[in-house]
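Scroll down for the structure; my scribbles are underneath it.
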Amino acid sequence: MASRKDERAAKEERAQAAAELAAKELRDVNQDRERGIKVVEHKEEVSGGPGVIGSILKSVQGTLGQAKEVVVGKAHDTAEVSRENTDYAYDKGREGGDVAAQKAEEAKEKAKMAKDTTMGKAGEYKDYTAQKAEEAKEKAAQKAEETKEKAGEYKNYTAQKAGEAKDTTLGKAGEYKDYAAQKAAEAKDTTAQKAAEAKEKTGEYKDYAAQKAAEAKVLAAQKAAEAKDTTGKDGEYKDYAAQKAAEAKDATMQKTGEYKDYAAQKTAETKDATMEKAKEYKEYAAQKAAEAKDATMQKTGEYKDYSAQKAAETKDATMEKTKEYKDYTAQKAAETKDATMEKAKEAKDTTVQKTGEYKDYAAEKAKEGKDVTVEKAKEGKDTTVGKMTELKDSAADAARKAMDMFLGKKEEVKGKAGETAEAAKEKYEDTEFAARKKMEELKLQEEGVKDEAKQRAEADRETAGDRGSAAKGTIFGAMGSVKDAIVGKLTMPSDVVKDKQQQEAVIKVDETRPGAVAEALKAADQMHGQAFNDVGKMGDEEVIVERKETRQGKM
């Protein structure tokens, strides 16, 4: 738990550091945006020379030079400014592209870290799940083993109880059997005793009858003797004695029969009672044995059912635990998968958002550079047109003044005009040659700038392609925008290029009669004491600057 908190704190610190770095870079970019581009213009002053003619010539030469500067120099300045703006826009675009690539790389690194963290978490959860599953499996096996042991114990206990019940039943049956035998023996002994007693009673009755018969016989003899003594009484006593003897005999026989019947009846009753008791004890013993057997079977069934119930409960508990761990494993796997997908989605959204921000930033910078370039080009164009107009007016005024002076002093300046015209022609040719040379240099410089920009754009495109492949193609748009902005800055808008290419300066002096300028220059030189060789007519005194059109290739 502590390691997870430390890891979370480290992630928060890294995220805060990245946010501070991004805020600092944004602040620097805003400061650079507020600074803008400063353009310094230098003005050159032309010092005048001695003399009116020299001043006029220098004025004319200055006018021609300024006209050349309008055609060549201002275009060069505009090209320099455009190139500086292009370089600035290119540098800013490249910086924006580098920043965007760096941010994309950081976002990629963060996404990779998030992915690694998520995979680590998934591995931990997977290991934890596997560990829990293994523990559940071991626990289930342990439960099964315990259940098996319990079942064995219950089985042994059931067998023991069954054995004990069987032994108890056999013991009870033996006891009941012994009890029945004992009771039968006791009944037999009782019957024998009763029979002996009855026999004894019969003997006693028999002895009693014999005794009574003897007594009666004695009494009869006595009576007979008495009767014999009494003559009259002899017959009566004899009858009486016979009668009494018969009565005693009948009574004895009756008593003997009664005792015999009683003894037989008692013997039969005792025998019946003994048999009935034996039968009852036998049935009781069988009933007890059956009850003991039923109780034993019931106990065995109960223990068997209890063992089966315990085994089923243990199995159900094991299955439930296994199912719970399985559900827990599936839930953890689903949560880990959802967390992984969420982290990947957040990293992807962050990367796309950062790429969009850097793309917008690069596009904004390119647009600002383009606007600055267009504005500078427009200002240069307006300045060039204004300068051309001023120079044209100034040249026309100077030409008019010169013509006026020349017309007033025709004879004085006639000889000097040829030399001055020749010098002006040579100066014009030199200026034209220098202008052409400058145009060629500018053309070569523009081609070099184009080639350099093309190489830079190609290298940046390759770098952007590599970085864009690593960032899943999201940087191509930003680098493409920067590239388009750079190309736009290099090539400039078509209307601006057309205006730049088609700028021309034509200084036209009012036509005069042939020799008028030469005469005026000669007269002026003679007036100031300067001599020169007359070279003749110079033709039409008209200065025309050729228009140079160049084509710029597209990158």
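Note that Cβ sites are derived from N, Cα and C of the backbone, with glycine treated the same way.
Under the heading compositional bias 'Basic and acidic residues', Swiss-Prot lists 83-115 (among others).
If you look up Swiss-Prot, you'll see 444-465 (among others) marked as compositional bias 'Basic and acidic residues'.
Taken from Swiss-Prot, the feature repeat '1' covers 97-114. Summarised by DSSP class, the composition of the repeat '1' (97-114) is 18 helix, 0 strand, 0 coil.
The repeat '15' annotation in Swiss-Prot covers 344-358.
The annotation repeat '16' is assigned in Swiss-Prot to 359-376. In this model, the repeat '16' (359-376) carries an average pLDDT of 71.
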Quiz item: Which residue counts does DSSP yield for the repeat '15' (344-358) in the helix, strand and coil classes, in that order?
Solution: 15 helix, 0 strand, 0 coil
